[in-house]
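K.L.:
Before we start, here is the structure in question, set down as structure tokens.
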Amino acid sequence: MSSVSIVDYGVGNLLSVARAFQYFDASVNLVSTPEEIMSADRLVLPGVGAFEDGMKGLTTLNFIEPIKQFARSGKPFLGICLGMQMMLSRSTEFGQHEGLDLIAGEVVSVPSHGVDGQLHKIPHIGWNELVSTSEGEDWCHTILKNIPLNSSVYFVHSFMAMPSNPKKRLADTLYDGQAISAVIKDENMYGCQFHPEKSGEVGLSIIQQFLQI
């Protein structure tokens, strides 16, 4: 049986994430100590809300260094929504805030308009398609294995991750033509801007692939 540890730091939809992994009979642990993070087989960092609040939650519980050490260990790591954004170096959300710096880059606001110049709704909420990126790696040996191009997943966000190295962008989505990082990857580390636990069969397939790494 595969096991996965989900970081419990007071910010995130832990139960829905846990249920998605339990669908595949995974052993799910909600971890609330640095020691539990370090002993995990696979680690998931979920999160909803503001970047600053998320980082404060991790700092208060002394989770910053254990998460960094886990990420460097080579074991599978997945950030979801805010959890993905915190993987980057910094965020410009309501000021300048330092992130975990697992992947070099910055979190910036989603463009307020499409490529045609027309204003669109922020936050970006709803189903949108996954598309390949020009410089990212092939999906066949990643958590997107078996995911067809243009599969739809569920987004809820006002900010987006911009890795410094475009090769770290595994998949994008297009919001009125504006490219947004949907999945980022650096070796053992993955981040999903969308919510796989709310994305139907496509999301469940991604979770299943993460359990098989």
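We count from 1, first residue shown onward.
Keep in mind that glycine also has a Cβ here, set from the backbone N, Cα and C atoms.
From Swiss-Prot, here are the annotated features:
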- 3-213: domain 'Glutamine amidotransferase type-1' (DOMAIN)
- C81: active site, nucleophile (ACT_SITE)
- H195: active site (ACT_SITE)
- E197: active site (ACT_SITE)
K.L.:
Calculate the distance in Å between the alpha carbons (Cα) of H195 (active site) and the residue listed as 'active site, nucleophile', and round it to a whole number.
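P.N.:
Spelling it out, the Cα of H195 (active site) and the Cα of the residue listed as 'active site, nucleophile' are 6 Å apart.
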K.L.:
Give me the CA-CA distance between E197 (active site) and C81 (active site, nucleophile), in Å, as a whole number.
P.N.:
11
K.L.:
Are there any residues at least 6 positions away along the chain from the residue listed as 'active site, nucleophile' with a Cβ closer than 8 Å to its Cβ? List them or say none.
P.N.:
P46, G47, V48, V156, H157, C192, Q193, F194, H195
K.L.:
Looking at the domain 'Glutamine amidotransferase type-1' (3-213) alone, can you tell me the average pLDDT?
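P.N.:
Result for the domain 'Glutamine amidotransferase type-1' (3-213): average pLDDT 96.
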K.L.:
Within 10 Å of the Cβ of E197 (active site), how many other Cβ atoms are there?
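P.N.:
Neighbour count, Cβ to Cβ under the 10 Å cut-off: 25.
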